[in-house]
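Over in TrEMBL, the protein carries these features:
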TRANSMEM  5-23  transmembrane segment
TRANSMEM  29-49  transmembrane segment
TRANSMEM  61-79  transmembrane segment
TRANSMEM  85-105  transmembrane segment
TRANSMEM  117-136  transmembrane segment
Amino acid sequence: ILGPILLLILDPILLLILDPILHLILDPILLLILDPFLLLILDPTLLLILDPILHLILDPILLLILDPILLLILDPILLLILDPILLLILDPILLLILDPFLLLILDPTLHLILDPILHLILDPILLLILDLYLLLILDPTLHLILDPILLLLLDPILHL
């Protein structure tokens, strides 16, 4: 037992070469400094605890698996690229900010709830299908163009 500890003190790089797992057990922080890739291979969870930003740099996909909320905090755009559906689940408002078109594709109803005006701009026909009264309120002229008969039924005075 004293031999590896003495070797760690005298020559940590030699201990790293001879027995990286023992190096991990005796001094994981020094292993993080000397060889973060090896720490990622030997114990990715420990790397996540010791240095999440380095974990993000070395292996963002594994970070997505181990802790998607941390990935959301550290780099939401990368989470958008790696897993947009997970971003939709974790933070739909952020997805609306980062990529409103993708939110419209993934969940049009949620898009309508979060931002009806933008929904009107991006897809008025879908707005007509999802919420015809809202389209009538937001843009009666467009409602008249898209569906004049329905407008006549909903608001005959406005139709005149």
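If you go along the chain as it appears here, the first residue is 1 and each next one adds 1.
Using the three backbone atoms N, Cα and C, a Cβ is placed for every residue, glycine included.
What TrEMBL says about a protein is an automatic prediction, not a curated fact.
Packing against the transmembrane segment (85-105) from elsewhere in the chain are residues 64, 68-69, 72, 76-77, 79, 111, 114-115, 118-119, 122-123, 126: each is 6 or more residues past its ends and has a CB under 8 Å from a CB in it. Of the two recorded stretches, the transmembrane segment (61-79) does not lie close to the transmembrane segment (117-136), with fewer than three CB pairs under 8 Å once pairs fewer than 6 apart in sequence are set aside. Cβ atoms under 8 Å from those of the transmembrane segment (29-49) belong to residues 8, 12-13, 16, 20-21, 23, 55, 58-59, 62-63, 66-67, 70 of the same chain, restricted to positions at least 6 beyond its ends.
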